[in-house]
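What TrEMBL says about this protein:
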- LYS124, GLN187, GLY219, ASP250, LYS393: UTP binding site (BINDING)
- HIS220: substrate binding site (BINDING)
Amino acid sequence: FVQDFSKAMSQAGSSQFQEVIRQELEYSMKVELDKILATAHSNEIEHTKKDLEGFKKLFHRFLQEKGPSVDWGKIQRPPEDSIQPYEKIKARGLPDNIASVLNKLVVVKLNGGLGTSMGCKGPKSLIGVRNENTFLDLTVQQIEHLNKSYNTDVPLVLMNSFNTDDDTKKILQKYSHSRVKIYTFNQSRYPRINKETLLPIAKDVSYSGENTECWYPPGHGDIYASFYNSGLLDNLIAEGKEYIFVSNIDNLGATVDLYILNHLMNPPNGKRCEFVMEVTNKTRADVKGGTLTQYENKLRLVEIAQVPKAHVDEFKSVSKFKIFNTNNLWIALSAIKRLQEKNAIDMEIIVNPKTLDGGLNVIQLETAVGAAIKSFENSLGINVPRSRFLPVKTTSDLLLVMSNLYSLNAGSLTMSEKREFPTVPLVKLGSSFTKVQDYLRRFESIPDMLELDHLTVSGDVTFGKNVSLKGTVIIIANHGDRIDIPAGALLENKIVSGNLRILDH
């Protein structure tokens with residue numbers, strides 16, 4: 001329907017006709033949303049209304065937009081000084097009064113995601129990553145260490161979704177004695193829409209039981225509106241806070257960087273940035289990451305979904321677009337407030353198609369937090385070391401962060417000094433390792449990986465205790481076969497296949 005609809009639109013060419021169809025769709029949507037709102041209890045009406053209003057705006061824009069949201073011809077490389085090398089920022093050193101600078105900071109973690117892609121129930125932030133510590137534990141430890149070292153009061157704010165809020169709040173009691181104030185606010189809750197009819201599939205406001213699939217959190221671009229609507233933004237401004245450092249809770253490299261913070265608070269040219277995006281150099285593994293470009297005289301984040309099909313390969317080229325967005329962002333609180341009140345934050349709509357368990361095709365309208373960069377004044381990219389981007393999306397990533405490649409200190413992971421080169425090995429674990437509990441069962445202990453370049457594992461494979469992997473190691477168990485790597489084995493540049501024949505690579 002959506003394709004036919006846009007085809008009919010372009011062929012009809014008559015803007016009147018298009019406008020009539022749009023108005024009909026908007027009217028039908030409004031009727032459905034009113035019906036849903038009518039089912040809310042008195043204590044839910046206020047926030048449900050806000051959510052549905054926000055959704056209506058997004059839906060309105062979705063109907064207005066045609067085709068990819070960027071004109072490829074207008075994309076230019078960003079000017080030299082708009083992306084600064086981290087070394088230059090660091091070379092300025094730190095002022096004596098770094099504590100007073102830190103007291104202006106709030107750390108915000110995006111905590112809306114579930115651990116489903118790794119086979120876990122509940123919030124992803126509660127998955128154990130290292131020595132029994134979860135993502136959330138490590139985050140709290142990092143900030144507590146800062147507050148103790150500098151005698152400061154940096155709070156932690158979690159943006160939860162309706163999926164993660166209850167479980168997260170239960171866990172937070174465990175940190176009641178830590179030296180970190182923790183606040184939470186909730187992302188909006190938007191209705192999924194049927195791909196054919198473009199109407200909500202929800203019939204009422206409830207989101208438990210069979211209705212869980214009717215709703216979704218609309219991407220992290222929702223942070224501006226929900227942070228503002230929660231009242232927390234105003235409270236933090238009243239306490240004298242000036243910047244937030246936002247990052248994904250599963251990016252273990254996203255720690256508070258004092259040099260970047262100092263650059264924000266004490267800019268060399270006296271003019272403060274309202275928005276800083278940390279970018280890092282692409283490797284072959286990052287070709288799909290969003291990149292910073294110059295577009296109509298503004299820095300702009302361009303994501304792969306916005307690129308016209310004919311230019312996707314060009315977008316992925318490591319030579320033309322050398323950097324990508326880490327989603328570590330530093331944003332001025334006063335600017336968020338100003339833009340939010342003027343309704344002036346402009347983010348491209350991401351249309352995310354999903355197929356539900358029953359086979360129904362739906363779409364989710366989402367936005368991304370970094371896309372708002374073009375709405376802020378005096379934005380800047382900072383090209384940071386790769387170590388600030390250490391996301392754990394899969395068990396292959398989990399293997400890296402659990403291994404001796406990293407050491408853990410006060411909640412922060414740093415690459416071991418014993419590793420000869422700073423790049424991370426490429427690890428690909430097969431589908432037998434996808435779920436965390438299967439992955440944990442297949443390793444009696446995490447192998448020594450200090451000298452590993454590349455590991456591929458496929459099929460029914462288990463590892464005994466104290467295995468060492470070096471160079472390039474490929475282990476492939478054929479269908480129906482099983483390979484047990486014996487305890488204490490050293491595999492260096494080896495291919496292990498079929499029925500445990502070990503060959504030199």
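Including glycine, each Cβ sits where the backbone N, Cα and C put it.
For GLY219 (UTP binding site), the Cβ neighbour count at a 10 Å cut-off comes to 23, with all displayed protein chains included. For LYS393 (UTP binding site) paired with the residue listed as 'substrate binding site', the C-alpha to C-alpha distance reads 16 Å.
Calculated from their C-alpha atoms, the gap between GLN187 (UTP binding site) and the residue listed as 'substrate binding site' amounts to 8 Å. When the alpha carbons of HIS220 (substrate binding site) and LYS124 (UTP binding site) are compared, the span between them is 15 angstrom. Counting neighbouring Cβ atoms within 10 Å of each of the binding-site residues (HIS220, LYS393), the lowest count belongs to LYS393. Cβ neighbour count for ASP250 (UTP binding site) (all protein chains, 10 Å cutoff from its Cβ): 22.
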